[in-house]
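A.B. asks: Below is the structure I would like to discuss, written out as structure tokens.
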């Protein structure tokens with residue numbers, strides 16, 4: 001089996017929910033592979049989005065590019081529907097004035113069908129997520 005970016009639209013991955021949406025910066029931008037696009041929050045926190053893999057995957061490493069995110073919680077589930085999430089990772093990110101935050105998370109027990117990313121707090125009224133990549137393997141397709 002080959003390792004791939006499981007969060008790529010070419011792998012069939014989708015953002016199926018986001019708590020805020022700006023028509024110029026929609027949540028799909030997180031996984032479109034374009035470094036010029038991003039999703040932005042619309043103020044109030046927490047904000048969240050859910051990524052659906054449409055298959056069972058094993059994530060070995062996550063790389064998140066964001067701006068002004070203070071605390072990020074990531075939850076996962078192996079359910080066929082986006083239910084029964086369990087907390088997986090919670091990180092306080094470092095504020096990087098004028099540049100993107102690059103957070104690399106080496107995953108343990110990274111089995112999932114959905115990931116929920118919760119921006120618990122931010123360094124400003126708005127925050128953005130520019131990209132998420134997940135290095136790993138497809139375990140099986142969903143029945």
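Placed from the backbone N, Cα and C atoms, the Cβ positions cover glycine too.
I grabbed these lines from Swiss-Prot:
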BINDING   29, 32, 37  Ca(2+) binding site
A.B. asks: Write out the long-range same-chain contacts of residue 29 (Ca(2+) binding site), meaning residues 6 or more apart in sequence whose Cβ is under 8 Å from its Cβ.
C.D. replies: 37, 38, 39, 130
A.B. asks: In the same chain, outside 29, 32, 37, whose C-beta lies within 8 angstroms of the Cβ mean position for the Ca(2+) site?
C.D. replies: 26, 28, 30, 31, 33, 34, 36, 38, 39, 131
A.B. asks: What's the number of neighbouring CB atoms sitting within 10 A of the CB on residue 37 (Ca(2+) binding site)?
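C.D. replies: Its Cβ has 15 other Cβ atoms within 10 Å.
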A.B. asks: Identify, in sequence order, the residues in the chain of residue 32 (Ca(2+) binding site) that are 6 or more apart from it along the sequence and have a CB within less than 8 Å of its CB; answer 'none' if there are none.
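C.D. replies: The answer is 9.
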A.B. asks: Under DSSP, is residue 29 (Ca(2+) binding site) part of a helix or a strand, or is it coil?
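C.D. replies: In the DSSP reduction, residue 29 (Ca(2+) binding site) maps to helix.
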A.B. asks: Could you check what DSSP calls residue 37 (Ca(2+) binding site) once collapsed to helix, strand or coil?
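C.D. replies: Reduced to three states, the DSSP call for residue 37 (Ca(2+) binding site) is coil.
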